[in-house]
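Q: Provided herewith is a single structure, encoded as structure tokens, for subsequent inquiry.
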Amino acid sequence: MAGTLQFSPDDRYNAFITTCREAPFGDGALAGTAVAVKDNISTAGIRTTCASRILESYVPPYDAHVVGLLREKGAAIVGKTNMDEFGMGTTTETSAFGPTRNPADPSRVPGGSSGGSAAAVAAGLVPMALGTDTGGSIRCPAAFCGIVGLKPTYGRVSRYGLVAYANSLEQIGPMARTVEDVSRLMSVIARYDPHDSTMLDRPYDHQPSAEIKGLRVGIPEEYFGEGVDPRVAGTVRDAIGVLEELGAETVPVSIPGMRHALAAYYVICTSEASSNLARFDGVRYGPAVDTRKSWHEAYQDLRLELFGTEVRRRIMLGTFALSAGYAGRYYAKAQVARRNIKEDFERAFCDADVIAGPTMPTVAFRLGEKTDPLSMYLSDILTVPANLAGIPAISVPCGRVDGLPVGLQLMGRQFEDERVVDAAFAYEQEVRA
Amino acid sequence: MVTESDIEHIAELADIGISKDEVPEFTTQFNAILDYFEVLDTVQGESAPAVGITNVFRDDEPRPCLPQEAALANAGSTEDGFIKAPRVM
């Protein structure tokens, strides 16, 4: 029955940028369920800041497609969650509204860039939330906070109303404490939208099944090598052992293109960002520019003042990577590397039905621990390949190291989101029992 | 290898303001990142043809859109129903 949900959470982890004290809801599959939405997804009448000062008072005049679907199914949109500014980061520390803290250990980051969504779920403030994943931004905070997060197949969920950062890579996806809730949320948001021309009409209608007898699980050596904390690798290997006990068989696979994945990813995402973020000039939305100054002077002053350092760094990197004389060396090569990785996965999926490995190479960092941008970028090594290939990938909690959550990542063939959900569900049911 | 003046030039091209004291740090960070990008020199293959990708077309028919009032609601500076921008000349 339709009504209003009172929502005044104890937000001690700074998970929210905006909360809706009285959230209306309707009838449907999610009637009265509190859902938090990452602050780069447009919500009519609720400000959407992308955790940036440049959009601090921006109130979208329309709902993103996924938000419309949530409302149709009766969900109560209770707030907009904290994130890295425009989704650029791995820790939620680049937010202009202050960092989010990890409920598993408040001296640590929740991961990024959907850290607010993960923390809100992990702290029990909401049962489910939407995040976005450009290079791991749903799976990373899910792993660091000990919850479940799914990056759907590219094109399975509409991106209409998502404030674009790197649109050939990013996807909106569900986050929750259980695989079943992730699956429920996915079935609401994966509905065709003619507004998104990159979308395919493949609705998700699935009840998770724990029956995985005969499932072939590919183990890529590259996911257990250099840079991966041996204790994290061991925890994930134990989790794969659980899948074997359930009747799955493991097969070795290889993704040789991994060595180019991270560089290709950062060239592509910064290139796309340099174009997408050109719209933030303070003219159509955001604070007014100083119209007494000249065009370029006014924009440069405004963007220096209101964009954070990481956003400016990425826009500049992308501008450089696309500039005459360098586009062939960086952008064109990155696209070749991207195709190679996609083909690596296609080969691997001839032998395997899903591919398993750690979500993150380490457990959650301490706040302020990563100061150098390159070392931060390196921590995305295990998540970006799925975005480059456009395949579905889920992170499910699989144990702890030093008391901190570790995520098991399961990747699947394009449009086989159901299969990765089932594998994660089987694991979760077994360890919970 | 990019120099400090390259960084100032890129900032100019990108319409990203940069303060004098940020230039050395951005230059160092850029060079570290570009060093890392050099791994792309070893990528095998010439070009990435679009495989299995098709354009999605629709008829160009007028449809309902945002009313003018809503379109202007977030602009910081407006005049007579228009958005006010800085001068170009």
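Glycine residues also receive a Cβ, built from the backbone N, Cα and C atoms like all the rest.
Quick paste of what TrEMBL says about this protein:
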- A:27-420: domain 'Amidase' (DOMAIN)
- A:K38: active site, charge relay system (ACT_SITE)
- A:93-115: region 'Disordered' (REGION)
- A:S113: active site, charge relay system (ACT_SITE)
- A:S137: active site, acyl-ester intermediate (ACT_SITE)
Q: Just to confirm: which same-chain residues, 6+ apart in sequence, have a Cβ under 8 Å from the Cβ of A:S137 (active site, acyl-ester intermediate)?
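A: Once residues fewer than 6 apart are set aside, A:S137 (active site, acyl-ester intermediate) is near A:M83, A:D84, A:G87, A:T90, A:G112, A:S113, A:S114, A:G131.
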Q: Please give me the CB contact count at 10 A for A:S113 (active site, charge relay system), counting all chains in the structure.
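A: The answer is 35 other Cβ atoms.
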Q: Over all shown protein chains, what is the count of other CB atoms within 10 A of the CB belonging to A:K38 (active site, charge relay system)?
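A: Around A:K38 (active site, charge relay system), other Cβ atoms within 10 Å: 32.
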Q: Going by DSSP, how much of the region 'Disordered' (A:93-115) is helix, how much is strand and how much is coil, in residues?
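A: Final tally across the stretch: 1 helix, 3 strand, 19 coil.
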